[in-house]
Each structure stands twice: as structure tokens, then as C-alpha cells.
Amino acid sequence: MSDRPTPNSDAMIFLDQVSKRYPGQETAAVSELSMEIKQGEFVVLVGPSGCGKTTTLRMINRLIEPTHGRIFIDGKDVTHADVDDLRRGIGYVIQQIGLLPHLTIADNIALVPRMLGVKKSERRRRAQELLEMVGLDPALYADRYPRQLSGGQQQRVGVARALAADPPVMLMDEPFGAVDPIAREKLQMEFVRLQERIRKTIVMVTHDIDEALRLGDRIAIFGPGSRLAQFDTPLEILSNPADDFVRDFVGSGAPVRRLSLLKVSDVIAATPSDLPSGANAIAVDAGESVHRALELVLGSRAEGIEVSVPGDGSRYLDLQTLLTAAAQPAKVLS
Amino acid sequence: MSTAAVQAVTSRSETRRSRTWVLPLVVLALLGALWAYVGSLRLDSIETRSLASDVVLTALWEHVQLVVASTLLTIAIGVPLGVLLTRPGISRAGVVVLAAANASQAVPSIGVLVILAMVFGVGFWMAVVALVLYALLPVLRNTMVGIRQVDPALIDAGRGMGMSPREVLLTIELPLAVPVMLAGIRVALILNVGVATLAAFTNAGGLGSIISSGISLDRTPVLVVGSALTMALALTVDWLAGLAERALRPRGI
């Protein structure tokens, strides 16, 4: 027992050799998967259907009981803990949203606090606070019923409900899958901003690699046979795919997609230069993505960008240097 | 979008409300016509005795008692049984129980009554037992259907947020099954009003005794009064059940 691995102190979720095998099936749905997810990290599980990503997600809150292996949440082995207690401490968002149609929006959000015995007035206050947090006016929406809301609005409520008891961990199973494409992108971006504020440990399942690249701090790409093909940052996955499966799965255009993940600050270190006199440069913040910088340059017909570095004056990069720097992953990642 | 949805909700409840007043008007018209019909007749002594107000009111009261007792018992048996049969693990037994309930309804009610009377003797409670057997199917089936039609995603969401199976049943499954269950109870009520007329054959009283004496004494006015009162009672019960259905249906669905 003592030789078995235990999670590091900064790990929020730790899966130790977790397997799921359904009776009567040849191959395991998930086999001997080990994964460590740090506190405050946003991890996206992605892969073709049947690769075990959803099974993995649902084993974390034990909606699916693993056949073998151990699950740790916040350093505690919860493999055999009380499931209802465990789940009340984990936010859960599903594609179908699953708001209870006979309860008002406020009552839906307050479901977990109610189970935890929070007082009614406090629950109400919390629901209003959360509605505001997900961008819905409490005065307008708190007392409505779910079917009076659009799909996008309903999923905002779904997120609010998962956050109601302020759980450290959130599990999301294709949360934006049922939302129409235009609302989806908006919702994704808002969710990224929300996550920057609340810093939950999030595990999300999607089959959409673009969504994974856009949202995840790290991405776990599952291959056929529930193999964990690569578990790394979006930039590393685009720059150094582990194998052909990952390369194929990510698809074409990796170098261009990298541009939106690279920050201007990542590339200026490569090629410092001063602003030549008479050069037509556009000012860009060092925190912007290279993609955005290029957009600004091309849009304004400038020849390069001028980046102000705090305490170090400003740097100039012409278009060519910017592209060359962006095309060299090694420099960026060293 | 949301305004349109709100409007749709209001207009739907408005149509329901307007329909609410049709049924009592029909019942009043029926009773008025019955009153006029009986008043226009010159009743002989047998008819006068059979239609004396205390005789009619006693029969009506007995009938109501039969219907209320049997319906309450049907609900008390059918709803818990239906819930039980939708729990995982024993849902296979549901097939057997549903088949039995189906069979008991397929058997003509008069047959059920007579056989029960032969086995258990006659009287009020025996009639109630027969009515319960007969009306169990719609309540049982609708409870099971009502619970099974609940979106599995809602149950997944409930389990995922840490509800125990009991909390899932009480917070999600039962409230969402209420409309379907109520429809089954309403059917059982109406069935019971009709079938309870047969209770007269087993000496349990009710409006059926007026009908059967109308037949055996060959007095059409007596027969008509018994039948019309049964109809009026069935319509009234249906109306009341409709009101209850509206009041008990959870908002938002």
C-alpha cells in the first residue's frame, strides 16, 4: 500500500491507475489511466467518440464507479467516500443542461445549497449573486422558469447552479455542445473570463479540438482504445504533437492556430530591436496574442508592431521578424 | 423570445380557464332538464316511493362514498406500487404486475363483482375492493409512465449534484410525473362512478339501485332519474378532478 503513489500537494484531482471495464465487454472503457490535475487548472479531455473521455469525467464524481484504481480529490482518497457528499462538493454541468423545469431559476441554482442546509434567505441571495456572475439580471430571471429562457441562457444558469455551493472542482460534459454556434463562442469567452476570476479546478469534455485549444490550460487527447495520447498545453500540442494520431486529430493549420496561443511577449525576447526612424509601427500590448498583433498590423497596413516593455522602453518588430519568431516553437518553449 | 414564451403560457392557461365553466353548465342543464321531465309526469305510487328525495339522496350519498373510498384506496395502492416498480432492480416485476392489472381491467366489471361477491360475500367494502381492482390499472400505469418519461438528463443532473435516490424521486421524478399521474387518477375516478352503479347488484347501494329498481319495476322515469344522476355525478367528478389537476400541476411544466 505504501509504495503506491500519492498526489502532490498542489494536485486537486489525481487519478491513480483508474480502469473501467463493463461486464461482457472485451476491451476496457478506460484502462489504467493516471492523471494529475493541479489546483486552479482548466483541463480539457478531448478525443473521438468512444475514447473514454466521458467515462473518465464521470469517474471523477463516481457517477461511474471505477473497476480498479484510486481517485483523489484535494489530497483525499475518495474512491470509497460517500458519493452524495463527494458530488455536493463538485460542480457538474452537462450538455443537456438539466435544469428542473418545475423549479424557478433561483430554486434551480439553490438546489445544492438547499441539500447542504443553507437558509432560504441566504440561498436566495446566493442565487442572485451567481446570476449576476454569469451575466443574467437577477431581477429579470430569478423567478422565471427554465423553458422561458433560451438555450444559451439556460446553460449560464447551469454553470451558476454548478457554482452555487462554491465547489473547488467543476466537471463539465460538453457544456457548450447544445448551444447554437454564435452563442457558443460568446459563452466560451465569457466562461474563460469567469474562470480567470474564480480559478476553479475544471475538467471539461469536448469532441471539438478548437474548443479544447481555446479553453484549456492543458489538454488531454485520448486516442482509440482509451489511450491517453498526449496531455500537455495547447501550445505544446500544436508545436510538438506526440504522435501521428495527435497530429491528425489536431488537424491542419497547426502553425497558424499557434498564433492565437502565442503571446507577443513570447516572441519579443527572440529579436529585440529599436524602432527605426520613419517606420510605420502600430502599438500593441505585450499580452496580446501574435494572431491579434498580425491582425492589427495587416488591418492598419503598418510595417510592424511597437511593444512597450515595462521598465525597458519599447521594442519594435517588423512583420517579417514577427512571423519568423512565431514560426520557431523551440525558442518560445525553451 | 422570453416574452413570447410568457405569452404562450398565459394564453394556454386562459383557454383552460374558459373551458372550466362549460362542464358545470352542462351538469346544471342536465339536472334542470331532469327536473322538468320528472315534474311533467304524473307519477304513480311506486314511482313516487322510488323517487322520494330521501331515497334518491341516500343512493347518491352511498354512490359518492363508494367512489371516494375506492379511489382513495386505488391511489394508496397504485401510486406507491407504481413508484416501486420503476426502481431499478425490480423493474422487471413491473411487466408482470402491469399484465395482471391489464387483465383485471379486461375482465368485465360485473364479472369481477360477482366473483368477489361469491368469494367474500356482499356489501360496501366488497364493492370497494372490486372497484379498486378495476381502477388500479390507470393509476398504476400512469404512475409508471409518468416516472419513466422523466428526461434521464434531469436524473443525471440530480445524481451529479449529489442527490440521493430518494431526493431524486421526491425532487425530480414525482413532481414531473404529477400531470400524468393525475390524468390516471382522473380516469380511475370516472371509471369508478360508472362501475359503482353495478355495486347495487351486490347490495352495496348507490345510484345503481335506483337504476335496477327502474328496470325490475318497469318504470322508465325511475330508470331515467338513476341514469341521469349517474351522468351528472360523473361529469361533476370530472370537473372537480380537472380543477384539482390544474391546481396540483407544478408550475413551469
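Just so you know, glycine gets a Cβ as well, placed from its N, Cα and C.
Where the annotation comes from TrEMBL, it is an automatic prediction and has not been curated.
Per TrEMBL, these features apply:
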- B:21-43: transmembrane segment (TRANSMEM)
- B:60-241: domain 'ABC transmembrane type-1' (DOMAIN)
- B:63-86: transmembrane segment (TRANSMEM)
- B:93-116: transmembrane segment (TRANSMEM)
- B:122-140: transmembrane segment (TRANSMEM)
- B:168-201: transmembrane segment (TRANSMEM)
- B:221-241: transmembrane segment (TRANSMEM)
Q. Does the transmembrane segment (B:21-43) reach the transmembrane segment (B:122-140) with at least 3 CB pairs under 8 A, where each pair is 6 or more residues apart?
A. no
Q.
With CB pairs under 8 Å as the measure, which of the listed stretches B:93-116, B:122-140, B:168-201 comes out on top against the transmembrane segment (B:63-86)?
A. B:122-140
Q.
Give the nonlocal contacts of the transmembrane segment (B:93-116) in its own chain as ranges (CB under 8 Å, at least six residues past its ends).
A. 81, 85-86, 126-127, 129-130, 133-134, 136-137, 140-141, 144, 195, 198-199, 201-202
